[in-house]
Amino acid sequence: MKIIIINGPNLNLLGRRENNIYGDETFNDFFERLQKKYANQEVSYFQSNIEGELIDKIQEVGYKFDGIILNAAAYTHTSVGIADAVKAITTPVVEVHISNTFSREDFRHKSYISPNAKGVIVGFGLQSYELALQSFLKKSQE
Ligand code: DQA
């Protein structure tokens with residue numbers, strides 16, 4: 001299957017950023033492990049701190065790929081533009097968060113993306129991404 005992980009702002013700092021919340025591993029190290037483990041799948045990765053670039057990427061892959069694993073980070077809670085892009089495309093989107101956003105500040109409880117996501121995986125650390133990937137692979141076996 002052709003799956004892309006799209007990460008939003010500040011997720012390039014994983015491993016250095018608020019380690020008590022987001023853990024010690026860099027995303028690149030995690031992604032390398034993931035790619036090795038699922039070597040028979042086509043899993044790619046894109047990160048941007050810029051809202052418009054995230055929208056461009058969602059549009060670019062959104063009619064071609066089998067699945068998008070999206071952590072829009074802070075834009076989850078603010079971006080109507082990203083929500084509209086998710087709504088516009090035909091590729092299913094699984095929304096993920098590393099931390100349990102519901103156990104954090106109130107402003108993190110609202111997601112503009114969730115209503116149009118296929119599903120939401122929240123709070124399992126970097127494993128959230130793997131669980132999202134497995135949800136797509138399981139679907140393809142049904
Ligand atoms: C996050 C949660 C967001 O509230 C926050 O702005 C992030 C990361 C997560 O993966 O836990 O940057 O999406």
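Backbone N, Cα and C atoms are what each Cβ position is placed from, and that goes for glycine too.
Heads up, TrEMBL stuff is auto-annotated, nobody curated it.
For R17, the entry in TrEMBL reads site 'Transition state stabilizer'. As annotated by TrEMBL, active site, proton acceptor applies to Y22. Annotation comment: TrEMBL describes N71, H77, D84, I98, S99, R108 as substrate binding site. What TrEMBL lists as active site, proton donor is H97.
Distribution of TrEMBL features across the structure.
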{"residue": "R17", "record": "site 'Transition state stabilizer'", "DSSP (3 states)": "coil"}
{"residue": "Y22", "record": "active site, proton acceptor", "DSSP (3 states)": "helix"}
{"residue": "N71", "record": "substrate binding site", "DSSP (3 states)": "strand"}
{"residue": "H77", "record": "substrate binding site", "DSSP (3 states)": "helix"}
{"residue": "D84", "record": "substrate binding site", "DSSP (3 states)": "helix"}
{"residue": "H97", "record": "active site, proton donor", "DSSP (3 states)": "strand"}
{"residue": "R108", "record": "substrate binding site", "DSSP (3 states)": "helix"}
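Checked against ligand 1, the recorded positions Y22, I98, R108 give I98, R108 in sequence order as having a Cβ less than 6 Å away from one of its atoms. In sequence order, L14, I21, Y22, G23, N71, G123, F124, G125, L126, S128 are the residues near I98 (substrate binding site), counting only same-chain partners six or more apart with C-beta under 8 A.
Annotation for R17 (site 'Transition state stabilizer'): spatial neighbours N10, criterion Cβ-Cβ under 8 Å with sequence separation of six or more. Residue density at N71 (substrate binding site): 23 other Cβ atoms are found within 10 A of its Cβ, drawing on all protein chains shown. Cβ-based neighbour count (10 Å, all protein chains) for H77 (substrate binding site) stands at 17.
Within its own chain, S99 (substrate binding site) has I21, Y22, V122, G123 as residues 6 or more apart in sequence whose C-beta sits under 8 angstroms from its own. With respect to their backbone Cα atoms, the residue listed as 'active site, proton donor' and R108 (substrate binding site) stand 11 Å from each other. Least crowded of the recorded positions (H97, R108), judged by neighbouring Cβ atoms within 10 Å of its own Cβ: R108. Packing around D84 (substrate binding site) is summarised by its Cβ count: 13 other Cβ atoms lie within 10 angstroms of its Cβ, all protein chains included.
For Y22 (active site, proton acceptor), the Cβ neighbour count at a 10 Å cut-off comes to 19, with all displayed protein chains included.
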